[in-house]
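Participant: So TrEMBL has the following annotated:
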- A:12-102: domain 'Aspartate carbamoyltransferase regulatory subunit N-terminal' (DOMAIN)
- A:107-154: domain 'Aspartate carbamoyltransferase regulatory subunit C-terminal' (DOMAIN)
- A:114, A:119, A:142, A:145: Zn(2+) binding site (BINDING)
Ligand SMILES: [Zn+2]
């Protein structure tokens, strides 16, 4: 009973939405990158977010609620590199209609920079493209220079 | 769909064998006018006289015409034109593009932009697949087979792209054994050893360059380059350790051949040149026949 109350209180910190998507369990430090990758900074939908919320798993987490927005898997999986534990609640009429987790896709186009300074993609305007050759830890093989960008070398574009 | 040659792994084992077959055909009859009436662009965004002459000889022996540039100072690239725009323009003029570029991945990108086939003549430290195919042709010619061979690779195995590509290509054949001889700082990268492990291929690593080469069928020498070392003392320690001389070949197998992508500095003593086991100059000549074969294959001329 007590536990439920605590949960309720935490939820109330970020207001509820009628229809849309709640993205939870985002590492707090990645919040603004997630917003930019999903293009949330350029859409007209109502968006609320909370950050530096307590999380036993992530230390500090962030949560985003986007009204009237339902993401395609391809779209949402783009955040998997920086928010691998993100969970999605699809909300319809104030109720959780569906839950989703993000998955690292097999191919990553754009988003990430190749770590190799001598790669053509770092010297000419070219969309980067990587094959995901390992997911834990993440390892990305550049389609162009064929070098492998390791998880600790990943930089967003 | 057009065929390009960007990385050695773009070709299947069947295609490797097809190139070998065609190279033998061109060796027997080098002048075949298969490119008559065709224009080949030879774009060297980075100078490499050796590779360029080999390609241009191959194109001439096939009866083709050549346009292009031999060094970046004469090209539009230095005037700020993007690789994209240069390739777009040239692919409208020519039937085939042979290109060398200092940046890694440049050839793969060019292949996406170009409407005509691209042959990668080297993209930075990444790939140089025509070198690998001529190495394979040299191995086949001297050993009569590409199966069951004991391959020794010596020198800079960390940065040497020729040994990496050769390892990938030869691992497609039956039962190879690899022996890597390199200083600790220049050992074969983990990824390539993993590639062998996945295929159950045996390999051995050594730091000493000694009589272990008595087991070799092929000794593939590479340059240990000073600029690869962050610590000059480390370079001084190893620079004279990986030198092959004639005396070292005394107890080797009669069929063993010494290969080197050239140019050499001091890693093969000149007294080896007179040994019948030295093969590096013939290897270079094989490059012309192999490149005739590669051009014919990507352009479906034969
Ligand atoms: Zn790259």
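Using N, Cα and C of the backbone, Cβ positions are placed for all residues, glycine too.
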Participant: Tell me, how many other CB atoms lie within 10 A of the CB of residue A:114 (Zn(2+) binding site), whichever protein chain they belong to?
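Facilitator: 28, counting other Cβ atoms within 10 Å of residue A:114 (Zn(2+) binding site).
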Participant: Within its own chain, what residues at least 6 apart in sequence put their Cβ under 8 Å from the Cβ of residue A:142 (Zn(2+) binding site), listed in sequence order?
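Facilitator: Correct list: A:114, A:116, A:119, A:121, A:128, A:129, A:130, A:148, A:149.
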Participant: Report the same-chain neighbours of residue A:145 (Zn(2+) binding site): residues 6+ apart in sequence with Cβ closer than 8 Å to its Cβ, ordered by sequence.
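Facilitator: Expected: A:114, A:116, A:118, A:119, A:120, A:121.
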Participant: Which number gives the other C-beta atoms within 10 angstroms of the C-beta of residue A:119 (Zn(2+) binding site), all protein chains shown included?
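Facilitator: Other Cβ atoms found within 10 Å: 27.
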Participant: Need one number: mean pLDDT over the domain 'Aspartate carbamoyltransferase regulatory subunit N-terminal' (A:12-102).
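Facilitator: It averages 90.
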